[in-house]
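Below: one structure, written as structure tokens.
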Amino acid sequence: MVSSDGWKHMYCSVLCFTSLLFSSQYSAVDTNPLSVYVMQPIWNKIIKIVPLWIAPNLLTFSGFVMILINYFLISFYDWDYTASGTSPGRVPTWVWLFSAFTTFCAYALDSIDGKHARRTQSSSPLGELFDHGLDSWATSIFALSFFSVCSQDNGKTGVSVYTMYMYLSIVLFNFMCSHWEKYNTGVLFLPWGYDLSQVLITAYLLTGIVGVEVWQKPFLFGYYITDVLVILLIGKCLDPWRTSPAHLRKTLKNDSLYEGLLPLVSPLLLFMLLTVWVVLSPGNILAKQPRLFLWMVGVTFSNVTCKVIICQMSSTQPELLHWFLFPLALVVYAAISGLLGQAEEAVLGAFTALVTAAHVHYGVCVGRQLSEHFNIYIFSLKKRVQE
């Protein structure tokens with residue numbers, strides 16, 4: 001259940017969108033050469049074939065659904081991230097090719113939804129929130145699907161589940177920092193890691209055509225291709241434009257250090273609690289249920305990020321402590337103290353179900369309130385009928 005303060009905060013944020021609808025414009029900067037010179041011209045051509053009667057949010061949601069379908073399909077064949085650790089792998093070739101197709105489609109739809117909104121003159125805060133909210137969840141799902149390509153460490157090849165947790169944390173923190181920066185500057189600087197999905201498409205195609213064996217052999221100087229991809233990921237996160245102090249001084253909105261750092265409190269505490277659970281779990285919960293645990297990490301970070309996105313769009317101050325932190329702290333304490341015993345995996349499953357349901361419920365409620373407030377439908381260009 002969401003606390004009364006949480007509902008009040010959400011309602012006040014929704015009301016603030018009215019003034020923003022007329023007084024502010026969505027501002028984003030993309031400095032990635034691959035995106036600017038290669039992909040954007042492609043999206044400009046694709047957008048011309050999209051029918052004008054299709055709502056932009058429908059494009060956004062369709063891409064997210066494709067990501068989910070791909071994730072659950074891979075999970076069916078590789079629940080514990082071990083299917084690619086043997087030669088040949090246990091995941092059918094067509095699954096990898098399907099993954100490449102769905103990843104490309106999702107990336108394309110996410111890239112053209114904003115263009116289509118401007119083309120149909122249907123841009124709105126609802127569309128911006130819907131897009132970034134789903135992106136905050138899709139970011140983790142992209143990574144969790146790709147981990148099946150890498151495979152869990154089997155003593156010869158693969159990466160450890162702890163390394164997977166670290167990689168996922170880097171990806172999520174990178175996404176969070178982009179919106180934290182917009183909260184403070186008013187401009188969303190797209191990280192170069194945003195185009196990482198293009199690397200995933202290549203990885204899926206390579207796996208489908210050559211086989212999982214390509215990941216099991218040293219690539220260069222004893223390093224595996226997975227090591228190269230991780231270095232690429234971290235490097236893409238360090239976009240020099242968005243970390244320029246001079247640029248920040250020119251666009252800084254918040255003079256207060258406390259208010260500027262406030263959105264980072266809950267994400268950092270969340271990461272600390274999750275890391276304590278991973279490191280001190282008596283039952284080694286991450287090794288036993290890697291997919292379930294990492295899914296929970298992605299959902300919780302997505303919800304925390306969505307709250308920050310709403311605050312930066314509505315120019316409101318975020319809450320100091322996200323309510324997810326309180327039940328998580330109880331679960332972590334019970335787990336590391338040994339109180340849960342053999343029930344640790346069951347409690348993880350219950351907590352994962354709780355935060356997933358709460359996240360979906362929150363998204364539906366915010367979307368419904370914004371839809372009613374602006375008198376528009378989420379998945380249609382028609383205006384709502386006033387009652």
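Yeah, the Cβs are placed from backbone N, Cα and C, and that goes for glycine too.
TrEMBL has this to say about the protein:
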type: TRANSMEM; residues: 58-79; note: transmembrane segment
type: TRANSMEM; residues: 91-109; note: transmembrane segment
type: TRANSMEM; residues: 159-176; note: transmembrane segment
type: TRANSMEM; residues: 196-214; note: transmembrane segment
type: TRANSMEM; residues: 221-241; note: transmembrane segment
type: TRANSMEM; residues: 261-280; note: transmembrane segment
type: TRANSMEM; residues: 292-315; note: transmembrane segment
type: TRANSMEM; residues: 321-341; note: transmembrane segment
**Item:** Proximity of the transmembrane segment (261-280) to the transmembrane segment (159-176), 3+ C-beta pairs under 8 angstroms
**Value:** yes
**Fill in**
Stretch winning on C-beta pairs under 8 A with the transmembrane segment (196-214) (pool: 58-79, 91-109, 159-176, 321-341) is 91-109
